[in-house]
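According to TrEMBL, the feature domain 'SMP-30/Gluconolactonase/LRE-like region' maps to 17-274. Under the heading divalent metal cation binding site, TrEMBL lists Glu19, Asn163, Asp215. Positions annotated as substrate binding site by TrEMBL: Arg110, Asn112, Glu130. Taken from TrEMBL, the feature active site, proton donor/acceptor applies to Asp215.
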Amino acid sequence: MSGYKIEAIAGAQRTYLGEGPHWNAQKNELLYVDIFGKAVHRYVPSTGENAKVTVDAGPVSLVVPVEGQPNKYLITVERDVQVMEWDGVSAKPTSLKRLYTVDDHCKTNRINDGKCDASGRLWAGTMGYEPAPGQLDPKKGTLYSFGLDGSVVKHADQIDIANGLAWTSDNSIFYYIDSFSYRVDAFDFDITSGVLSNRRTAFDFKANGVDGIPDGMTIDANGNLWVAVFAGKKVVHIDPKVGKKIGQLDFPTTNITSVTFGGPNLDILYATCAEHFLSKEDLASQTTAGSVFQVLNVGARGLAPGFNYKGPV
């Protein structure tokens with residue numbers, strides 16, 4: 001790939017472990033989280049505004065607006081799914097309400113990544129305790145969905161690190177990453193029932209010679225995937241229909257965590273990253289670690305903006 005331009009966004013506040021970028025088309029703003037900073041951020045590209053709300057209860061791993069309720073957001077805190085009421089400006093939320101708690105069998109787990117499908121159903125997965133790089137409590141994670149009727153369904157277990165999710169334009173295929181499998185897996189998907197079936201490998205990182213750890217993911221209007229690579233300094237562009245890498249974006253910092261398309265035309269690729277697990281020497285040389293990046297001229301557009309949550313609150 002050539003001609004693309006990567007910029008650290010000066011107006012977007014930096015994070016320790018940035019994650020969960022979500023383009024909120026209703027407000028033309030980018031939402032993202034700082035997991036261990038226990039914070040949700042909102043960045044408005046047209047004005048440069050960036051507001052931050054801190055949630056003292058624990059690590060916050062995702063944020064999704066609640067449909068039809070402009071000041072309410074679905075967030076995850078540790079093993080909880082909560083509704084946060086926030087005016088978008090204040091440093092503290094107006095209120096927090098717990099909806100669900102998962103993984104009671106392993107109280108050191110936490111929810112790691114998630115997003116909503118086109119029906120407004122939340123999908124989120126968990127991971128085991130990770131005190132240091134590579135020292136993960138293995139195979140403790142689970143992939144859940146949280147239905148429009150208030151149901152909680154377990155779809156897969158024995159997961160190391162539940163990560164990127166994406167759906168095709170016709171909602172017939174669900175793509176999913178368990179980071180330490182070093183794969184993107186595909187499932188047949190029923191948007192009405194939320195049932196997954198026929199799991200198979202869509203892209204194998206090791207077989208394709210891609211180093212690093214697959215993390216967050218998004219899909220473009222051509223049905224191709226963009227996968228952030230933690231410990232890899234890149235985002236890889238993948239054609240999941242043939243299981244091949246078709247391009248790569250190279251970044252000036254090591255730990256790229258997630259990506260989403262945004263902007264009025266969905267033609268800007270936003271990427272979060274992390275200072276997490278970097279040495280003092282790395283931090284000294286990687287001056288943009290923890291930034292939010294925008295990538296221009298990627299030659300693709302997003303399939304859709306982030307979907308809002310439509311379940312019970």
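Note that Cβ sites are derived from N, Cα and C of the backbone, with glycine treated the same way.
Note that the structure is a prediction, hence the values are computed from the model and not measured.
Positions of TrEMBL features highlighted on the structure.
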residue : record                             : DSSP (3 states)
Glu19   : divalent metal cation binding site : strand
Arg110  : substrate binding site             : strand
Glu130  : substrate binding site             : coil
Asn163  : divalent metal cation binding site : strand
Asp215  : divalent metal cation binding site : strand
For Asn163 (divalent metal cation binding site), which of the binding-site residues Arg110, Asn112, Glu130 has the nearest Cα in space?
Asn112
Which is it, of Glu19, Glu130: the one of these binding-site residues whose Cβ has the most other Cβ atoms within 10 Å?
Glu19
List the residues of the same chain that sit at least 6 positions away from Asn112 (substrate binding site) in sequence and have their Cβ under 8 Å from its Cβ, in sequence order, or write 'none'.
Ser61, Gly125, Thr126, Met127, Gly141, Ile161, Ala162, Asn163
Could you give the maximum C-alpha to C-alpha distance in Å for the residues Arg110, Asn112, Glu130 that bind substrate per the record?
12
Identify all same-chain residues not among Arg110, Asn112, Glu130 whose C-beta atom falls within 8 angstroms of the centroid of the substrate site's C-beta atoms; report them in sequence order.
Pro59, Ser61, Asn109, Ile111, Thr126, Met127, Gly128, Tyr129, Gly141, Ile161
Round to a whole number and give the Cα-to-Cα distance in Å for the pair Glu19 (divalent metal cation binding site) and Glu130 (substrate binding site).
16
Applying the rule Cβ within 8 Å of the centroid of the Cβ atoms of Glu19, Asn163, Asp215, what extra residues of the same chain belong around the divalent metal cation site?
Asn112, Asp113, Ile161, Gly164, Ile177, Ser179, Gly216, Ala228, Phe230, Thr257, Ser258
Just to verify a number: CA distance, Glu130 (substrate binding site) to Asp215 (divalent metal cation binding site), in angstrom, no decimals.
15
Just to confirm: which same-chain residues, 6+ apart in sequence, have a Cβ under 8 Å from the Cβ of Asp215 (divalent metal cation binding site)?
Asn163, Gly164, Ile177, Ser179, Val227, Ala228, Val229, Phe230, Ile256, Thr257, Ser258
Entry from the binding-site residues list Arg110, Asn163 having the most other CB atoms no farther than 10 A:
Asn163
